[in-house]
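These notes concern the structure reproduced below.
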Amino acid sequence: MLALDETEINDGAKRWIVSIAKHLNPSSIYVCDGTKEEFDDLASAMVKDGEMIKLNEKNFKNSYLYRSNATDVARTEERTFISARDKSFVGPLNNFLPLDRVKQVWNQFFKGAYTGKTMFVIPYALSSPESKFADFGIEVTDSKYVVLNLHYITRMGKGVIEKIGDRFIKGVHATGNLDPGNKFIIHMPWEKPEGVDADILSVNTNYGGNALLSKKCHALRIASVRAREEGWLAEHMLLLEVKDPQGKSHFITGAFPSASGKTNLAMISPPKDYRDAGWSTRLISDDISWIKIVDGKFMATNPENGFFAVVPGTNYNTNKNAMATLSKNTIFTNVGLTMSGDPWWEGLDPVYDELYDWKGNKRKIGGEPIAHPNSRYTSPLTNYPYLSDLYEDPEGVPVSAILFGGRRATLIPLVFEAFNWNHGVFLGATMGVERTAASEGKVGDLRRDPMAMRPFCGYNINEYFRHWIEIGERSKNKPKIFYVNWFRRRADGTFIWPGFAENFRVLEWIIYRTSHNDNAVETPIGYIPESLNLAGLNISEEDVKELFRIDKEGWKEEMNEIQKYFSELGNVPEEILKEFELEKKRLGY
């Protein structure tokens, strides 16, 4: 760590830090340098103070367990706000906070919030600092946990300090007293109230998505506004490189709401017969992709530098690459702890002795989960065993397919292809998913999550749809758009499709369709495969038919629900309404 007067940080940034410190009133200010020594010192201090637990070094090298407050365990959408002078900027899906209320929050909860504490200053870059995608930010925080997480998920510290100019995103986080009723995560992508010089404010929370301001707050909510203004896309999407047996790389992005298979797909390894035939995969991003249009092509990159991913359900059968990733240099949040000092979560082999649950209670497995359903692991990208050589390419990689997908037990086929760009935008805009533990609310409820951006779009969702339409209008080489659903169930509740590595069979068809017009059957909702490679897969012909069955009556009901949803949104672009009417007509409705 560096004292502020020891750094070579931009004078404008230094002045901002000093002015913020006057309001927060810390006892000291340290600028984070991003070194291993800094990480180790902070981690050791947290362990000494009982704020973190060092895990079994033999099995989980340089890894730790952090337990959050029991009321601070997930993104809190009802306490997440967009502020503007005009409510219409924010739109129907975001929570609006007037500018004068922001000023009240600033004075009530941030004034003196760091009294007696150290103010950590974290300079970070989203995307490689040398990249055309690069965007810079500074987060100030009183939380060592936040500093350690940003060590892993961003490029931060010394290598970034000298590159920060006059334009950077200003984030201020204060742990506060963790009062859920006074939790605020506020974004100001346009104007700010007088005396509040910040783009993002977060208070009375220390949970990842609420406190790691580089992630959803900057890389999606703030960046999505900037992307609209500058003509690019900031998306809640994985980015995967698939290399075919001829050695050609294909790049696929995919938007999936939390717990809908996004991380598992990003980390997919082909089944053995595919590997033997010469197929391979490499990860670029598991969560966020920035896409710029260059010479009519969609060029994508991962703005982040690490993983902050849900861990329950992860094991060597479901995701061996994730297990390799989290075996070292990892911060676990809200998992269980065995008596031997190993982390434990549902999905791992049972432990029959007593262990500690995520709240620190010693007990045996049974009843309430040992690990919180939204427990997480934070690891650097370089932990991943099959990281693409192009993950830091300053030009980005060319996208050939965009996937939309959600967790649906019925109706939605395993895979289908949109008829055209606008139809694909309609499909993404109307994605319906079953609610997960990653956001607060009743698990299992169905809600619309357009492009998996419902919690993350920083402006009016109808303008966001319009932006997608306009991007398509000015792009010569648009990727094809596909919709996938790994979660269709039989009447007895069991999954029809085996999922996980077998999802690669669907990717093979998608890649084929990006450059061919055959092996597809037209249906009222899009093109489905005429045939998939199912060799060696234990699945009945009846199950395959069910995976692709188009239930017209069910779809008519779906269209009624979409109609209600559009009415709630209000000013939906005409192009999407046109696709809606065409879909109804194809369904004979």
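Every residue, even glycine, has its Cβ placed from backbone N, Cα and C.
According to Swiss-Prot, the substrate binding site annotation covers R75, Y207, G208, G209, S258, N374, S375, R376, on the basis of sequence analysis. Marked as Mn(2+) binding site by Swiss-Prot on the basis of sequence analysis: K216, H236, D287. Per Swiss-Prot, the feature GTP binding site maps to A259, S260, G261, K262, T263, N264, R376, R407, F500, A501, E502, N503; the stated evidence is sequence analysis. Marked as active site by Swiss-Prot: S260.
Where Swiss-Prot records a feature, it is marked here on the structure.
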residue: G209; record: substrate binding site; Cβ contacts under 8 Å, 6 or more apart: A74, R75, K215, K216, F308
residue: G261; record: GTP binding site; Cβ contacts under 8 Å, 6 or more apart: G405, R407, W486, F487, G499, N503
residue: D287; record: Mn(2+) binding site; Cβ contacts under 8 Å, 6 or more apart: H236, M237, L238, K262, T263, A266, E304, F307, F308, A309
residue: R376; record: substrate binding site; Cβ contacts under 8 Å, 6 or more apart: G208, F308, A309, V310, V311, F332, T333, N334
residue: F500; record: GTP binding site; Cβ contacts under 8 Å, 6 or more apart: N264, I268, N317, T318, N319
Excluding K216, H236, D287 themselves, which residues in that chain have a Cβ inside 8 Å of the centre of the Cβ atoms defining the Mn(2+) site? K215, A219, L220, I288, A452, F456
Can you check which residues sit near Y207 (substrate binding site), meaning Cβ under 8 Å from its Cβ, same chain, 6 or more apart in sequence, and list them in order? S68, D72, V73, A74, R75, T76
Check: min Cα-Cα distance from E502 (GTP binding site) over recorded positions S258, S260, N374, S375 goes to S260
Between the C-alpha atoms of S260 (active site) and N374 (substrate binding site), the distance in angstrom, to the nearest integer, is 13
Those binding-site residues listed as R75, K216, and which of them has the most Cβ atoms within 10 Å of its own Cβ: K216
For S375 (substrate binding site), the same-chain residues 6+ apart in sequence with C-beta under 8 angstroms from its C-beta are V310, V311, P312, F332, T333, N334, V335, W345, W358
Three-class DSSP secondary structure - N374 (substrate binding site): coil
Secondary structure of D287 (Mn(2+) binding site) (DSSP, helix/strand/coil): coil
